[in-house]
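Asks: What follows is a structure written as structure tokens; I'll ask about it next.
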Amino acid sequence: MSSKAEENALRYRRAQSVTTAEEITEKEKKARKSQLDKPIHKPRDSLFSWSSEFTDFTGLVNWGFLLLTVGGLRLCLENFIKYGIRVNPIEWLIVLTGYNEGDNRQYPSVILLIFCVVPAVVSLLIEKAIAVGIISPKIGVGLQIFNIVAEISLPVIVLYIKGLEFSFVGITTVCLIYLVLFLKLWSYVQTNHWCRQGMKGKQYKNTLRRQSLSAPNWKTVEDEKAEGKSSTLVKYPDNLNLKDLFYFLLAPTLCYELNFPRTTRIRKRFLIKRIIEVVFGVNLVLALFQQWMIPSVKNAVDPFSQMSVIKITERLLKLAVPNHLIWLCLFYLSFHSFLNLMGELLHFADRNFYNDWWNANNIAQFWSTWNMPVHVWAVRHVYIPITGLGFSKASASIVVFFISAFFHEYLVSVPLQMFRIWAFLGMMAQPPLSVISKLVQAKLGARWGNIIVWSSLILGQPLAIMMYYHDYALLHFAPKQ
């Protein structure tokens with residue numbers, strides 16, 4: 001009781017002191033106004049000073065957007081004057097449908113895309129065989145590893161044998177789909193393995209217990225309700241069926257669960273908006289790529305060959321604008337429009353496909369927020385298992401970046417049919433760059449850390465594109481001596 005009285009007394013003294021300070025301020029204002037020289041000055045900071053605590057820069061933001069718009073229009077006019085109108089929707093259809101792909105229009109990319117169902121079904125059959133006891137878990141895990149490694153290697157093998165029959169867009173799509181399937185099957189196999197291990201642990205505990213004779217064997221109403229609710233959940237091995245597998249393969253996630261969160265209905269307006277965004281976004285990206293990106297990349301070959309630093313820098317900065325604009329369009333198109341479209345159709349309730357990566361103050365924060373499906377997969381299936389084995393967090397992070405670097409290189413080198421390590425080195429440079437960005441954030445503030453993140457995005461990608469296209473042009477278009 002005494003403590004409460006002391007707290008009330010303290011509050012009264014604080015309120016009294018504040019009131020006294022306000023009274024003194026008011027008296028000073030009245031005394032100043034009564035002076036004969038009519039003073040107008042008072043202590044205050046300029047708005048651009050940090051101590052002013054002024055935060056409303058809406059007008060400057062509008063000015064920045066207007067300036068960017070004017071600069072963008074000027075670049076568009078310059079592009080049209082220099083190259084003419086290069087946009088040709090007929091070529092888009094030829095490229096996207098693979099109309100000229102293969103001998104006698106065999107469409108090898110389409111065949112490979114259809115065949116990707118086979119490794120998924122094989123994985124299900126192996127899991128069923130383990131569940132019913134036809135094969136041992138050790139043999140089953142070995143077969144699963146062989147299956148997913150063969151699945152990710154198949155595009156490489158087929159491309160090596162029949163490389164000339166594939167279009168670039170076709171084999172790129174195949175590699176992307178097979179990589180997504182690889183990550184999904186990894187999660188599918190590992191999650192079912194966890195379920196088996198968990199069931200073995202429960203069975204072992206049950207064999208060590210016997211029912212108590214002293215306690216009555218009765219259940220409360222709450223217990224019965226909880227059991228009825230849990231009985232509707234799918235449990236291992238009831239999840240091992242084609243319906244469950246194909247739902248997971250189509251769902252906008254890389255991490256498998258036996259019971260995904262579901263929505264109760266499909267929102268028609270939301271669905272129509274996402275469909276319009278996908279259709280419009282695909283056309284916009286293709287138009288920007290054909291009109292702006294391809295000419296800029298082609299013009300960057302000679303400066304790279306001459307190793308002229310000034311010309312390379314000029315081409316890099318010129319390529320950075322269209323590349324970054326296309327990257328932002330692809331981000332919105334993929335992570336918001338398309339994944340939300342699939343989630344709505346499949347009643348998939350977890351729509352956390354990205355976080356506020358644009359506010360990232362260091363590189364590590366960017367990689368943990370911009371691509372949430374891959375990030376969650378890496379944490380769940382690589383990072384946590386490695387740290388669980390006793391390894392350090394730094395070692396687990398390096399392994400995660402190594403796997404990411406390998407597959408970034410896979411998505412570039414395999415479609416281009418040439419082995420380079422620029423994408424791999426770029427990804428492996430992220431851990432030290434992350435350390436540097438954290439130091440900058442700690443010493444200079446969060447704003448400078450965010451500037452480093454944006455600089456790496458704007459300049460890093462076009463540099464890699466220029467390097468790959470330069471090597472590709474020398475390999476395929478250079479005159480033979």
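Placed from the backbone N, Cα and C atoms, the Cβ positions cover glycine too.
Quick caveat, the model's predicted, so the values are computed rather than measured.
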Asks: Tell me which range among 1-38, 191-228 TrEMBL lists as region 'Disordered'.
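Replies: Of the candidate stretches, TrEMBL labels 1-38 as region 'Disordered'.
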Asks: Looking at 59-76, 419-436, which stretch does TrEMBL describe as transmembrane segment?
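Replies: Result: 419-436 is the stretch TrEMBL calls transmembrane segment.
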Asks: Taking the Cβ of H408 (active site) as the centre, how many other Cβ atoms fall within a 10 Å radius?
Replies: 18
Asks: By DSSP, how many residues in the compositional bias 'Basic and acidic residues' (24-38) are helix, how many strand, and how many coil?
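Replies: The composition, in the requested order, is 10 helix, 0 strand, 5 coil.
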